[in-house]
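Visitor: In case it helps, TrEMBL gives these features for our protein:
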BINDING   Asp22, Gly49  Mg(2+) binding site
ACT_SITE  Asp22  active site, proton acceptor
BINDING   Asn47, Ala48, Gly49, His50, Thr136, Arg150, Gln225, Thr240, Arg304  IMP binding site
BINDING   Gly49, His50, Thr51, Arg306, Lys332, Leu333, Asp334, Ser414, Val415, Gly416  GTP binding site
ACT_SITE  His50  active site, proton donor
BINDING   Thr300, Thr301, Thr302, Gly303, Arg304, Gln305, Arg306  substrate binding site
Amino acid sequence: MNRKSLKDWTGTAAVIGADFGDSGKGRLIDELATRAHIVARYNGGSNAGHTVKNKYGKFALHIMPSGIFNPKTICLIGKGVAANLESLVLEMETVKKVGVSLQNLLIDEQATITMPWHLMRDGLREKLRKAKIGTTGSGVGPTYADRAERVGLRVKDLISADFKEKLFEEIKIQNKFFNLKLSGADIFKKYQNFAKMIKPYVGQTIALVKRAQKEKKNILFEGAQGFFLDIDSGTYPYVTSSNPGIVGIMRSFVVHPSEIDQVVGITKSYITRVGEGPLPTELKGRLKDKIIERGHEYGTTTGRQRRPGWLDLVLIKAAILDNKLTSLALTKLDVLSNLPEIKICTLYKKANKLFEYQSGDAEYLADCQPVYESLPGWSEDISGIRKFQSLPKNAQKFVKFIEKKIEVPVNFISVGPARGDAIYT
Ligand code: GDP
Ligand code: IMO
Ligand code: MG
């Protein structure tokens with residue numbers, strides 16, 4: 001097993017959710033960013049909620065890269081991000097208030113903007129459809145739909161001289177197509193304001209990344225969501241509309257997967273899903289309530305209760321294989337303390353046959369039955385532990401069991417939400 005250290009990482013690294021999101025990407029990026037010359041967010045929009053807890057306070061970031069708290073780190077928002085400017089401007093204000101500088105923030109001019117009609121269309125479709133996806137209501141699906149239809153307004157349009165004409169024409173079409181009653185004048189006023197605020201931060205991110213690669217700088221890619229919410233590889237239609245997987249990095253920053261030295265998958269020590277869609281290891285009853293309570297499993301973006309389940313190594317192994325993950329970061333190990341028994345799903349069963357996960361849609365995953373292996377729990381509070389050897393023996397066994405099954409090292413374990421509440425192995 002090739003165990004590369006994450007603590008003193010160099011070169012190019014990526015953090016990719018190996019599950020259905022909310023695995024602690026924000027907190028890991030915040031930790032790793034202390035060594036990053038660049039942190040580059042590559043996908044998703046304000047559907048993401050990345051929690052960061054450090055000396056500046058606790059933050060829920062939706063658009064802002066989670067490396068922003070490091071004064072020397074350049075923070076990029078890639079062209080593949082659905083740029084919700086309302087969120088961005090709010091987050092800019094929030095971090096400025098605690099004394100964080102924005103001088104190193106750069107938003108790609110080619111990113112498509114999430115406009116008010118995207119939010120309306122997202123809400124309306126969810127209301128009308130029978131089988132709801134349970135979206136975050138952030139307008140992300142319609143933003144990407146318009147990008148694919150080549151009608152999305154981009155950040156460069158916002159700061160162009162003819163923004164008003166472009167905006168009014170698009171509003172006319174949206175009103176007609178979707179029977180909306182949008183007022184051009186109101187939206188123009190609002191977005192003119194946004195334009196003023198973000199103009200100093202607009203530029204070309206790809207050129208910057210290319211130069212940094214040549215200069216052998218440390219570049220860290222920040223994914224949003226998780227691989228099984230990927231539009232192409234996830235449990236369609238219960239997915240998001242971008243590529244949380246490795247492909248998303250190429251789409252935003254034109255960096256080939258082979259150029260990334262460490263591709264870190266991240267998962268909780270259990271699994272959660274928010275919104276609809278299959279979750280083979282989903283927990284019910286008292287255990288479910290216990291995990292929700294101990295893990296504070298409520299969505300960062302919507303406040304909805306997350307659905308918890310046992311760790312699903314069948315999914316993790318598929319994420320490793322498809323994204324060529326080189327290691328796994330395991331978060332929230334502290335939440336599993338005080339359980340007499342911990343289960344881990346290691347295989348699926350369908351029609352009495354055992355099998356590993358093959359890329360499939362929601363229907364495929366819905367009738368996969370989990371096959372569990374059971375491990376003994378531990379009762380100690382582990383939140384103050386910083387060395388692997390100091391963990392209770394059964395917690396060590398839990399991590400070693402995972403490593404053996406997935407055949408890549410677990411090189412980061414977190415035992416609390418704040419920067420530093422972690423074990424590097
Ligand atoms: P992200 O979307 O992947 O960045 O994850 P979220 O921020 O949505 O959800 C992760 C939640 O778990 C946040 O509330 C974090 O503060 C919290 N968290 C992260 N790591 C740990 C940990 O090791 N232990 C505990 N108890 N909480 C953690
Ligand atoms: P982070 O980056 C967890 C889920 C939604 C819904 C589906 C589609 O914080 O891990 P969308 O609004 O994207 O159209 O919703 O995807 N979802 C997330 N779940 N974490 C996220 O982001 C998510 N972003 C979207 O709940 O099921
Ligand atoms: Mg989240």
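For all residues, glycine too, the Cβ spot is worked out from N, Cα and C.
Quick one: how deep are these features, and who are their neighbours?
Guide: Using a 10 Å radius centred on the Cβ of Gly49 (Mg(2+) binding site) and all shown protein chains, the other Cβ atoms total 21.
Neighbour list (Asp22 (Mg(2+) binding site), Cβ cut-off 8 Å, at least 6 residues apart, same chain): Gly49, Gly226, Lys268, Thr272, Val274, Gly299, Thr300, Arg306. Asp22 (Mg(2+) binding site) falls outside any helix or strand according to DSSP and counts as coil.
In the three-state DSSP classification, Thr136 (IMP binding site) falls within coil. Take the CB of Thr136 (IMP binding site) and look out to 10 A: across all protein chains shown you find 25 other CB atoms.
Within 10 Å of the C-beta of Lys332 (GTP binding site) we count 24 further C-beta atoms, all protein chains included. Lys332 (GTP binding site) carries neither a helix nor a strand DSSP state and counts as coil.
For His50 (active site, proton donor), the same-chain residues lying six or more positions away in sequence with a CB closer than 8 A to its CB are Lys25, Gly26, Arg27, Ile29, Ala60, Leu61, His62, Ser66, Glu222, Ala224, Thr300.
Taken residue by residue with DSSP, Arg304 (IMP binding site) is part of neither helix nor strand, so it is coil. Sequence-distant neighbours of Arg304 (IMP binding site): residues of the same chain at least 6 apart with a C-beta under 8 Å from its C-beta are Gly134, Val274, Gly275, Tyr298.
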Visitor: Given the binding-site residues Gln225, Lys332, Asp334, which lie close to Thr301 (substrate binding site), meaning Cα to Cα within 10 A?
Guide: none
Visitor: State which of the following binding-site residues has the fewest other Cβ atoms within 10 Å around its Cβ: Asn47, Thr300, Gln305.
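Guide: Looking at the binding-site residues Asn47, Thr300, Gln305, the Cβ with the fewest others within 10 Å is that of Gln305.
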Visitor: Counting other Cβ atoms within 10 Å, pick out the least crowded of the binding-site residues Thr51, Gln225.
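Guide: Comparing Cβ neighbours within 10 Å for the binding-site residues Thr51, Gln225, Thr51 has the fewest.
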Visitor: Quick one: which of these binding-site residues, Thr51, Thr302, Lys332, have their CA within 10 A of Thr136 (IMP binding site)?
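Guide: Checking Cα-Cα distances against Thr136 (IMP binding site), the binding-site residues within 10 Å turn out to be Thr302.
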Visitor: Give the number of CB atoms, excluding that of Thr301 (substrate binding site) itself, located within 10 Å of its CB.
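Guide: Looking across every protein chain shown, the total is 19.
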Visitor: Whole-number Å only: compute the distance from the Cα of Gly303 (substrate binding site) to the Cα of Thr51 (GTP binding site).
Guide: 13
